[in-house]
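TrEMBL feature annotations, pasted as is:
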DOMAIN    3-324  domain 'FAD/NAD(P)-binding'
DISULFID  C39-C44  disulfide bond
BINDING   K48, G111, T141, G142, S143, D309  FAD binding site
BINDING   G178, A179, G180, A181, I182, G183, L184, E185, E201, G270  NAD(+) binding site
DOMAIN    344-450  domain 'Pyridine nucleotide-disulphide oxidoreductase dimerisation'
ACT_SITE  H441  active site, proton acceptor
Amino acid sequence: MWDIIVIGGGPAGYSCALRGAQLGKRVALIEKDKIGGVCLNLGCIPTKAYLHLTEILQRKEEVKSGGIYFSSPKIDISEMREWVQSIVKRLRNGIEYLLKLRGCEVIKDEGEIENGEAPFWAVRLKNRGEILSAENIVLATGSHPTELKELPFDGRRVVNSDWAVEPDELPKSLLIVGAGAIGLEMATIYSRLGTKVFVLEIMEQILPGIDGEIAHILQRQKEREGIRFLFPCQIQEGKEEDSGIEVLIRDIKKGKEFSLRTEKVLVAVGRSPKTKGLEKLGVKLSEKGFVLTDERFQTSRKNLFAIGDLTGPPLLAHKALFEGKRLAESLGGKEMRNGEKKLIPNCIYTDPEVAVVGLSEDEAKKKGINYRVYRVPLSAIGRSHTLNRIEGLAKALVGEDRKLIGFSLLSPFASELIGEICLLMESGLRIEEVKDVIHPHPTLSELLAETFDKVLGKSIHTV
């Protein structure tokens with residue numbers, strides 16, 4: 001008999017298992033594939049490793065103006081893949097070690113939930129045929145790439161993001177469907193590697209949901225790097241050819257159709273929850289198929305919980321990690337509830353990076369919130385010039401009480417800077433209360449300090 005059985009070993013699942021074990025609970029973690037889930041094995045970690053590796057290819061042209069020249073690089077995609085996978089394996093081994101150290105039982109199998117004898121749940125191990133029972137079941141099965149009916153995955157010409165982080169060869173040309181975080185990060189990687197990249201988006205801007213001003217600046221930068229954007233456009237159909245695939249595309253604004261031939265198509269239009277089998281348990285789902293939960297992450301069935309991607313947007317690993325720990329603490333007797341709404345930052349690891357937290361202008365307007373906008377260009381900060389990376393922006397939305405209600409960054413290492421903004425906003429501090437915090441010079445963090453000064457009317461490096 002287990003206190004907690006967690007099904008799914010991604011960020012939500014393994015964090016719940018580790019924290020539950022820390023609190024003295026008997027925990028079993030069932031994972032049919034690899035510990036770490038999509039984020040560690042096929043998402044967050046490998047993509048960031050590829051972005052790091054390929055950055056030198058982006059910089060080699062920039063440093064010519066400083067008197068440094070490179071000969072043409074040789075790219076060995078198999079060696080790149082091996083290096084990236086070595087990082088993934090190292091991190092996965094670390095998590096597996098911690099699970100063992102904390103006394104979590106890791107079971108490599110597929111768990112099927114059955115109605116047990118109240119108040120317990122039963123889980124049948126599909127391969128072993130054994131039945132486990134527990135007082136609490138945690139669903140953390142994650143999500144999978146969403147497929148387009150017009151372009152179903154075939155693993156050859158039409159691929160998903162799983163293929164993109166484990167390529168066996170570099171395509172000469174690539175159409176990426178979806179200009180969200182996954183699509184733009186993949187576009188950055190493959191464009192750097194010499195692939196001709198097209199990015200198609202059905203909405204009227206790249207990065208839908210992100211501040212339009214930030215998105216437009218990033219789009220200009222990516223276009224200068226040779227990436228071509230097609231929006232608002234919609235896929236009509238695809239036809240495989242000997243050397244690639246021909247895709248029929250509809251320009252939504254012009255109402256006209258045109259064809260595009262590329263070697264491969266990468267579909268990155270989002271992710272869908274893995275909820276197979278939950279309908280027979282009577283678990284209630286949202287209209288979009290995500291599991292509905294209460295303030296304690298409990299589903300419509302008692303002592304059956306759901307966390308991570310299963311519960312809906314934002315589908316982010318740091319949200320999943322937070323929820324896993326929070327649920328474990330709730331099950332461990334600590335009064336910490338999902339109902340305490342937390343700010344969840346969103347980061348896109350393009351070049352430059354995008355990081356946002358809180359409300360966008362559109363969201364603030366819809367909520368009827370009065371606010372003022374303050375902007376500081378990245379070029380106002382000395383460190384950006386030493387990095388030869390001056391195109392970017394900090395954009396603050398400030399409410400009538402002089403508290404931040406939203407913040408958007410377009411900057412190198414924006415993902416590392418946004419944490420300071422999260423702390424300020426979570427603490428409920430007004431700008432006046434942090435005005436005397438000294439930021440080191442020269443650093444990109446001065447972009448935040450200059451923005452705070454701008455709000456207070458005392459910025460000295462902007463006009």
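Yeah, the Cβs are placed from backbone N, Cα and C, and that goes for glycine too.
On a predicted model such as this, the values are computed, not experimentally measured, just so you know.
Give me the lay of the land around each of these features.
Just so you know, the Cβ of C39 (disulfide bond) picks up 22 other Cβ atoms within 10 Å once every protein chain is counted. DSSP assigns C39 (disulfide bond) to a helix in the three-state reduction.
Counting every protein chain shown, the Cβ of K48 (FAD binding site) has 15 other Cβ atoms within 10 Å. When secondary structure is read from DSSP and collapsed to three states, K48 (FAD binding site) falls in the helix class.
The Cβ of L184 (NAD(+) binding site) has 28 neighbouring Cβ atoms from other residues within 10 Å, across all protein chains displayed. DSSP classifies L184 (NAD(+) binding site) as helix under the three-state reduction.
H441 (active site, proton acceptor) carries neither a helix nor a strand DSSP state and counts as coil. Within the same chain, the residues at least 6 positions away from H441 (active site, proton acceptor) whose Cβ sits under 8 Å from its Cβ are G382, listed in sequence order.
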Rounding to the nearest whole angstrom, report the longest C-alpha distance spanning G178, A179, G180, A181, I182, G183, L184, E185, E201, G270, listed for NAD(+).
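Output for NAD(+) binders G178, A179, G180, A181, I182, G183, L184, E185, E201, G270: max Cα distance 14 Å.
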Give me the mean pLDDT over the domain 'FAD/NAD(P)-binding' (3-324), rounded to a whole number.
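It averages 96.
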In which DSSP state, out of helix, strand and coil, do we find G111 (FAD binding site)?
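Going by the DSSP assignment, G111 (FAD binding site) falls within a strand, counted as strand.
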Please name which of the recorded positions listed here, C44, T141, G142, is nearest in space to G180 (NAD(+) binding site), Cα against Cα.
C44
Give me the non-local Cβ neighbours of G142 (FAD binding site): same chain, 6+ apart in sequence, Cβ-Cβ under 8 Å, ordered along the sequence.
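Listed in sequence order: G8, G10, A12, G37, V38, P273, K274, G308, D309, L310.
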Looking only at K48, G111, T141, G142, S143, D309, the residues listed as binding FAD, what is the longest Cα to Cα distance in Å?
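Between the most distant Cα atoms of the FAD site, 31 Å.
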Between the binding-site residues G178, G180, where is the Cβ count within 10 Å the lowest?
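Comparing Cβ neighbour counts within 10 Å for the binding-site residues G178, G180 gives G180.
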